[in-house]
Amino acid sequence: MSELNVIKKERTAVINPIVTCQPLGAMYAVSGIERGMPLVHGSQGCSTFVRYGFARHFREPADIAVTSLHEDAAVFGGRKNLISGLGNLAARFKPDVMGVVTTCSSEIIGDDVAGFIKTAKVEIAKKMGEEAANKIKIVQINTPSFVEHQFKGYDNAIKAIVDTLAEPKDEENGKLNIIPGIVNPGDIREIKHMLSLMGVEGILLTDTSDPFDSPLRPSKADKNPYYQKGGTPLADLQDCANSLGTISLANYANSAPASLEKKYNMPSKVSEAPIGIQNTDSFIRTVKKFTGNDVTDEILDERGIVIDAMADVASRYLFGRKVAIYGDPSITVGMARFVAELGMIPKVVCTGVKNEYFVNDLKKVAKESDEDIDALFGQDLRALDVYLKENPVDLMIGSSDGRLMAKDLGIPLYRVGYPVYDRVGYQRRPIIGYNGALNLVDGITNTILDKYYETQDWKLQQ
């Protein structure tokens, strides 16, 4: 009888963490709004660290403003910084949406962020006029960095955006809200591709595909401000209250669907990322259920191509190989199920998040695959390192942060998740959907071939 063995962290210290702080998730979410600008209410390092991480992973600049709190703010508060910061952004960039993202310092100080925003709106109206000021929406996003992680920050941001901007109307718009989670531009494009094949118009909450992978073209605007192409328009964010339903593709992003369901009686579904055959099938069925649209031959063809690719390589190269997976709780569960579909053994799955969905979903994977799985629950890469020294595997799947561990242990690493900074092009290649599954089949198999098949074996492969 297969079972899930949950291993919790015994020590207090965190060594080589898998997660980072809440504001990153909020900044990511706001960056997916067309003409949206995150304003970090904290020190300069709070924004610099995230911009640096985004630049390494996405190979794109990120426009993130900061109120630049210093030591005096710890005594006197950050009122002046936030009010002047909002005013400067409004005057110079004229954004459609400004997301005020709190941090450790502003939360510990106890700044009245809501009150400061009200004052800032009055000041902006005085300088720009009532009409211009009313066009700029300000969203307060509380993300205390000293608790939780970037996934909670993302969840808080999406809920704040929906609660602040959604405007109900008398009629449904026939659209479907999709919360993608913290994924890559290639993944979001794949989501839009699948919806398009089914004739479904989606509202992405939010769409970071173009903002983090934009074309390099001369600006059509003759003057500043210049914004990256794309993002979810403000009109769509306001219209999300009138959609047919909400699907969250990340089990940690459940607050916004619950809020929409409670306020507007809108059906919702929170699930794992649609990675692999079973999870993508589930996503397609949910879309069909909410919209009534049929599954097209094009989608079935894409599914068939993946299954054909799996049949080509699974039994020959992958069957029975043990895998260690670490990272995002939603992606790791999806990857665990997919490697099991390939005939591999998800020996250990590690996440830095204490998320009960993670444990419950992994129990299902263990039962389906009929394999025992060790779950490092709320752990770090040091715990995974210690585990793998005693329980060796054939393949590691996770972010670039595990590259040195993989090298020391002599285990090949297939890079998935955030951040990936020692390979190029990863952010453009989906791992979601059937096309994403095809990329994973090829990538995982080639990684195995690089390590375990020597030149003397090549003739046997011909």
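A Cβ is built for glycine as well, from the same backbone N, Cα and C atoms used for every other residue.
[8Fe-7S] cluster binding, as stated in Swiss-Prot, involves Cys21, Cys46, Cys104; the candidate among Ser68, Ser145, Ser196, Ser209 given for that site is Ser145. All protein chains shown were included, and the count of other CB atoms within 10 Å of the CB of Ser145 ([8Fe-7S] cluster binding site) stands at 23.
Taking the mean position of the Cβ atoms of Cys21, Cys46, Cys104, Ser145 as the [8Fe-7S] cluster site, the remaining residues of that chain whose Cβ falls within 8 Å of it are Gln22, Pro23, Gly42, Thr103, Ser105, Thr143, Pro144, Phe146.
Summary for the binding-site residues Cys21, Cys46, Cys104: the Cβ-based neighbour count within 10 Å is maximal at Cys46. Mapped onto three states, the DSSP output places Cys46 ([8Fe-7S] cluster binding site) in helix.
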